[in-house]
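Only one structure is covered here, and it is reproduced in the block below.
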Amino acid sequence: MDAEHTHTRPRPVSVPLGATVTSTGPTAQLGAIRSTGGPRPADPQRPGPQREPGAVRVTGAPTEGGLQDRFGRVATDLRVSVIDKCNLRCTYCMPADGMPWLPQTQLMSADEIRRIVRVAVHSLGAEELRITGGEPLVRKDLEHVIAGIRADNPDLPIALTTNAVGLDRRAQALKDAGLSRLNVSLDTLHPETFAELTRRPHLDKVLAGLQAARAAGLGPIKINAVLLRGINDTEVVPLVDWAVSNGFEMRFIEDMPLDGDRSWSATNVIPARDIRAAIEETFTLSADPRGRGAAPAERWEVRRHGETALAGHVGIISSVTEPFCAACSRTRVTADGRIRSCLFSHEETDLLTALRDGADDEGLAQIWRDAMWAKPRAHGSDRVGLARPDFVQPERTMSAIGG
Ligand code: SAM
Ligand code: SF4
């Protein structure tokens, strides 16, 4: 290992993953909002997820139309996690081991995902879908999931966020099933750093997956990288250079407190301004004239110094140092069918149990409207800031929420 790779993150504080904190209160309604936990232990007596007591309802939600919240935002960008498992163990996301997986019975089936997406698009105005996880490619029926969604929604942009391990064998089938575009997570171009960061030696598989995706015509392809101080923070320019040379858009994501080791520290975050400064040593950045809209990434055009030709694009997602919560248009569903109105929420709303109990489309849509009406202002609370002292990390890790 080189000297630059010897940094280790602070020793993790042991926090029992998957513990469920449940508030007390009246008996739950379908779709009750509850204090959350990560995946819950299976109850062999019940096929579906358990209902949680302790509904906290925020009243005043609209009873028709889309997914509005109390702060005037409207969620049109749907992210659905299709599995909590993963074939990598990125240090900023998952613990090395000990992750409790959802029992198969609690995972949404392909038909359940299809139904939930149909309600979101047809009844609630969702305009785009991102499929995520865990690692979506770990699901053997991913092509079937996508084909079902595509059959109901011929014009819906369907994107996939993946680590691309195994994509070389499935890129064409995913394209044929109706996948529109791809984000591939790749934090480093060095095999040894990749193995350290993901705890698996699979860089070659990711690169093979990317090649196959391009050959299958799955584009545009964006590369997502999380920069970690002392591990891959020297790779900003090499990653941009490599990405734009290959026709990919490079995106840097600030490290967020959603890791399984609970070792996140604000001082270890590489801030967006430092990422921009590093890129500007080699490239000229100019604001993308297409603007940002509700997109999480601030997008830049990239030109090599002294050249006028456009080399490509870079996006920077600065959730920690330059939060964009006021423009957030996202609504999330976890792999066990729970609505999360915010990545950092401490509440979830159980949509899957309602679906399994026979709720009709309008019933499901209203549960979703109620859940989104209660969306916090920012970062899981009505106060802004991930680095503030009273910020409480959600119990679920990024992999169990669906990034
Ligand atoms: N396994 C797939 C992948 O890695 O692309 C999809 C799921 S992963 C949770 C989705 C995205 O979340 C990835 O781009 C990953 O880099 C990002 N991510 C995971 N943990 C993160 C953290 N603590 N802070 C910022 N981004 C994170
Ligand atoms: Fe797996 Fe993606 Fe999390 Fe890495 S970031 S551990 S690939 S879910």
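Any Cβ shown, glycine's included, is placed from N, Cα and C.
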For the GTP site that TrEMBL gives as ARG79, ARG130, LYS222, ARG330, THR331, ARG332, the extra residue out of THR161, THR162, THR188 is THR161
CYS325 ([4Fe-4S] cluster 2 binding site) falls, by DSSP collapsed to helix, strand or coil, into helix
If you measure every Cα to Cα distance among ARG79, ARG130, THR161, LYS222, ARG330, THR331, ARG332, the residues said to bind GTP, what is the biggest one in Å?
-> 21
Which of the binding-site residues ARG79, ARG130, LYS222, CYS325, CYS328, CYS342 have a Cβ less than 6 Å from any atom of ligand 1?
-> none
Ranking the binding-site residues SER185, THR331 by other Cβ atoms within 10 Å, which is at the bottom?
-> SER185
